[in-house]
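Copied from TrEMBL, the annotated features are:
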type: REGION; residues: 268-290; note: region 'Disordered'
type: TRANSMEM; residues: 43-62; note: transmembrane segment
type: TRANSMEM; residues: 82-103; note: transmembrane segment
type: TRANSMEM; residues: 110-131; note: transmembrane segment
type: TRANSMEM; residues: 188-216; note: transmembrane segment
type: TRANSMEM; residues: 236-260; note: transmembrane segment
type: TRANSMEM; residues: 320-338; note: transmembrane segment
type: TRANSMEM; residues: 358-378; note: transmembrane segment
type: TRANSMEM; residues: 390-410; note: transmembrane segment
type: TRANSMEM; residues: 515-542; note: transmembrane segment
type: TRANSMEM; residues: 554-577; note: transmembrane segment
type: TRANSMEM; residues: 606-629; note: transmembrane segment
Amino acid sequence: MEISSKENTQLFSNTILLVDRSSFKSESSTSKEKQSYCGGIKVFLGALSFVYFAKALSGSYLKSTITQIERRFDIPSSLVGVIDGSFEIGNLLIIILVSYFGAKLHRPRIIGAGCLIMSAGTFLIAMPQFFMGRSPVHSVSRCEKEGGSSMWIYVLVGNLLRGMGETPIQPLGIAYLDDYTVEENTALYIGCVQTVAIIGPIFGFLLGSLCAKLYVDIGFVDLDSVTITHKDVQWVGAWWLGYLLAGMISVLAGIPFWFLPKHLPKPEGRKDSSTSSEQSEFITEDNKDHQKSYQQQVKIAEMAEDFLPSLKNLLGNPVYILYLCASIIQFNSLIGMVTYKPKYIEQQYAQTSSKTNFVIGLINIPAVAFGIFSGGLIMKKFRINVLGAAKLSLGSSFFGYLLLLSLFAMGCENSDVAGLTVSYHGAKQMTDYDQALYSECNSGCACSKNDWDPICGENGVTYISACLAGCQASNGSGKHTVFFNCSCVGTLESPSQSSSAVVGPCQKGNECPKMFLYFLVISVITSYTLSVGGTPGYILLLRCIKPHLKSFALGIYTLAIRVLAGIPAPVYFGMAIDTTCLKWGSKRCGGRGACRLYDSSALRYVYLGLTLVLGTVSIFFSVAVLWVLRKRSSPQDETLSANGERGTCGTKSRKANFVNSDHLIQTPYWPEKETRL
């Protein structure tokens, strides 16, 4: 009996020891897995943020060089719009394949390969500078160098490659981040990524400001021989220099992705469920589709067979379709506005390219970054659900475009340009501009109306050239030249007395600097307001679709934005802006070149009018999204107390409603998961 008792005691002790060891191993394993998860997702978050920074820097730098490219290749705004839209064309070519098949493959490495392609395209954009001749200021022969203007094709192809390389970053990167993060942190992480991405344009526009001050042929010519300054409308900055730097940054951004794993360990709360409770509200298919393992290895043929059903599922989701329509129209508005904002500031407020890029990079872009981050912070702080995200996104758009309306009153009048905006006798010009360039005061000078070498008369009027101003003599050289005996300059006040003029156009009216300051203030507030809705919009997009279709849905979303907004918006905005041109330049061998002078009032109404009309239409679609969400959600979803916590109709009642409703998917329930955004 004693032996039996001892054996039982020993057996009991061994059992306890085994249990303790097993428990210890389990805790140790859990601890290691948690550390692996935390480390892996943070590394990916950092890498994704940096690659967003890299692509945003090169993209914004392209925007900052729009006017420089236009002048360098002597092309109209509509053609510059085609070049800008080539990025979206490149994205379009492979977005479906990357977003759908890429979700089944090694997503980090696909992103890394995209970075290499993106850098190659960025380098290619800079190549024309090394292939074509020097700037027209230094070109001795006139027509043999004209073929260099076709070098803009290199810029177009390079930008197209940039678009192809950028393709996997958004759909695969955001979906990978959402798959391996706790749902309550998703909004904050996406906000962080987008905030870092906005820092890219800050550096991009500041780099554009610096390069715009440097002469285009720096390192190739003697800068002392340059006869113009960066304030002159003919000035072309070293636009190509920034692309070399941006290409190197893109190469560095892709390196970390080659060392990241295909999968990360999922956080504790998401191991037993593949869908969130909020997602289940708006997904109305049977639960059997979710039994498929998202991470299983499948053959290419099997993936192809599932393509059409997946596409049908997305197109049958009313929330997704309405939000997609709202986004397409809003991005038409925003892309057109951002693309030509530097040109608008230069032409409307007579600012240099360098100052324009500096102001946008240092003042406007930080407001956008702060707005996007604020949106993510608000989502997390107040635990806003999908319905609240839709309201926040709609509100930011409504008040943002309402503020934009006030910019119509903050414009400058046209500069006084003899023969274009005013006659040589001081009256406002209302007739045929080309015929009005000639007057009695310059009739004996045999001047060309195609020249554009503006000078400023002492009467405050700009003349297209010294010849058309009737100038007979000059003193000095280059940028310090002063013209004398200008018969047309004296016709406004003292017709019998000729006067002098200096190189460069005259400054706009005294009210223009004040209007520019008002424009900057309203523009910053508007940018912040519109950006607050960015992160809530992303959350709405992610939560209205099934988990295994996230990458595909984001890919379709990106594709639609590229095709229906990114490609056409710069083109038709550019064509509309071209209609406001008062004076077209001429190429050296004939043919129309870039616009030299715009009608300020017409430019303001066209640029701001297009932006506002498109923005207003997008708001109507956003209202429809909110209406559908309200119709599908239960009353309990909107019951929040003042401190952001759910009221009495909280978790239990919601759980019962979730399980028993016929139109909802019965997946494992996570307590209070719907509030952890």
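Using N, Cα and C of the backbone, Cβ positions are placed for all residues, glycine too.
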**Fill in**
Given 82-103, 554-577, 606-629, the one sharing the most C-beta pairs under 8 Å with the transmembrane segment (320-338) is 606-629
**Asked** At an 8 Å Cβ cut-off, counting only pairs 6 or more apart in sequence, do the transmembrane segment (110-131) and the transmembrane segment (606-629) clear the bar of 3 or more pairs?
**Response** no
**Item:** Within-chain partners of the transmembrane segment (236-260) [C-beta distance under 8 Å, separation at least 6 from its ends]
**Value:** 40, 43-44, 46-47, 50-51, 53-55, 57-58, 61, 64-65, 68-69, 71-72, 108-109, 111-116, 118-120, 122-123, 125-126, 128-129, 135, 158, 165, 204, 207-208, 211-216, 218, 230, 353-354
**Asked** Can we call the transmembrane segment (188-216) and the transmembrane segment (554-577) in contact, meaning three or more C-beta pairs below 8 angstroms at a sequence separation of 6+?
**Response** no
